[in-house]
Amino acid sequence: MKKYVIVTGGVLSGIGKGIFSASLARLMKEHGVDVNVLKIDPYLNVDAGTMNPNQHGEVFVTEDGYEADLDLGHYERFLGRDMTRQNNMTAGQVYLRVIEKERQGKYLGNTVQIVPHLTEEIKDRIRALEAELLVVEIGGTVGDIEGEVFLEAVRELQMEEGKENFLFAHVTYVPYLRTTNEFKTKPTQQSVQLLRRIGITPDMVIVRSEFPLDVPSMNKVALFSGVPRDFVINLPDTKNVYEVPEILRDMGLHEKIASKLNVELKKSTFNWSYPKAFKPYRIALVGKYLGTDDAYKSIIESVFLTGIEKPTVVDSQMLEDMNDEEVKKVLDEYDALIIPGGFGRRGVEGKIKAIKYARENKKPILGICLGMQLMVIEFARNVFGYKEANSTEFDPNTPYPVVDLMEEQKRILKLGGTMRLGAQKVKIFPKTKLYEVYGGVEEVYERHRHRYEANEEAFPELFKKPGEEGYKLVVSAKSDFIEAVELEDHPFFVGVQFHPEYKSKVGAPHPIFVYLRKVLEGSQ
């Protein structure tokens, strides 16, 4: 019989339900349990593809081309396995499917309602995921109007599948009031009471806090939540999220869950390896989304997993207003640059200035997706003298469209879910840095998310094959179009059309980030 851990949130959003869910799943996997994870997002978007990264964080792309919430990135990195579109459910998907069924006459003339039609659709999708143990994370907080139908659905599911097969874990937050030097548990108490009114009684309360809670506060949470004291778990802030699985292991979380759900655990050596000492290199992530690190989460974590301190986001718009000397003064403080993907013209000219600086000053630089396209634009402008060179994304009338909309994209009018997405085959050419990155492998699959491509057909003079003469961009990888470019006689000037950051895992960061570290160490 399938077992379920339902993770809900209270008091605040963004307090770590995703990290807790991923850590719990990894812990159970280490003890031989066949585990899977489902993230439920109560928003009405069909997927995360058109959402603003400043508001929602990065869009994570799966192997099968699904544009997902960033929590799926946590699941992949922690579990060391790929997620698919089945690992994410949104309210938009559920409503859309129910309306489609109604139009098809699937409800036989019944009045279509939240209960039972939406709740049945939700339960069917939850049941469809195969696993011995399914961890279901419900986004948002208890009390959000968008999430009520999902809480009702899991309440019904518990009744249908048996209470003995369910564990409800409520992740909440206890603030520390500095004016009185005490923790305040009242918001957590009220959050649990609200969950109970919906018909769900938590079996476990995970208390997030800035500092470790004192014993009286923990006892108070247990008393007013009606949860046994040993099922109230405090998770204070940590230096990095990769400590959390070890913390939960030391608390015996896996044993508590196995006991409650009657799951058999196998002995484990807990093979969990992440960097604990860091090289003192400074990497500038030249981007425009400054509100939160979540906008570039997978890049930041990929760098961190190589044993380098997390990159600093440098405002590309700030660089736009600077001359070359001012740009140099800012970027000289860093050992390497990363130009990430993105959309729209805001901040683009600042990124191009950063690329010019890196090219002229032999500073290691990695361009990702848009970053690679901007490398082509910078080279066309400043080496070939095509001063008006641009992408048709930013200037549809440019006389030098060195980056252009892919041919198959020109017939597409909708934005959502229509880009070139997911894992695509990439051919790597020998005698290039990228060939060294992959250890001599000539064919790989990498994840993509783009509509535009380097316009090699119209501007072949910008590019050359490995080993050819002339100061041009070396095409180091191709599919039906250019997948990567680099420069000879430069420590590391590499641009890739794909997103390597999506494939990094704990203990196995993507090789391009590992190679960048080796360049900084002087070993390449």
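Placement of Cβ uses the backbone N, Cα and C atoms for every residue, glycine included.
Predicted, not measured: the structure shown is a model, and the values here were computed from it.
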Next on the checklist: Among Asp69, Asp71, Asp82, which residue shares the ATP site with Gly14, Ile15, Gly16, Lys17, Gly18, Ile19 according to Swiss-Prot?
Outcome noted: Asp71
Checklist entry - Which single residue out of Gly342, Gly347, Gly416, Gly417 does Swiss-Prot record at the L-glutamine site shared with Leu370, Gly371, Met372, Gln373, Glu393, Arg451? => result Gly342
Item to check | UTP binding, same site as Ser13, Lys184, Thr185, Lys186, Pro187, Thr188, Gln189 - Swiss-Prot member from Lys39, Lys123, Lys220, Lys239 | outcome: Lys220
Next on the checklist: Going by DSSP, is Gly342 (L-glutamine binding site) sitting in a helix, a strand, or coil?
Outcome noted: coil
Item to check | C-alpha spacing of Lys220 (CTP binding site) relative to Gln189 (UTP binding site), in angstrom | outcome: 9
Next on the checklist: Please report the three-state DSSP label of Ser13 (CTP binding site).
Outcome noted: coil
Checklist outcome for this item: Same chain, |i - j| six or more, Cβ under 8 Å of Thr185 (UTP binding site); the result in sequence order is Val174, Ser217, Lys220, Val221, Phe224
Item to check | Nonlocal residues around Glu137 (Mg(2+) binding site), in sequence order (Cβ under 8 Å, 6 or more apart) | outcome: Val7, Lys17, Gly18, Ser21, Val37, Leu38, Lys39, Ile40, Asp71
Next on the checklist: Given a separation of at least six residues and a C-beta threshold under 8 Å, show me what packs close to Glu501 (active site) in the same chain.
Outcome noted: Ser298, Ile299, Glu301, Ser302, Ile368, His510, Phe513
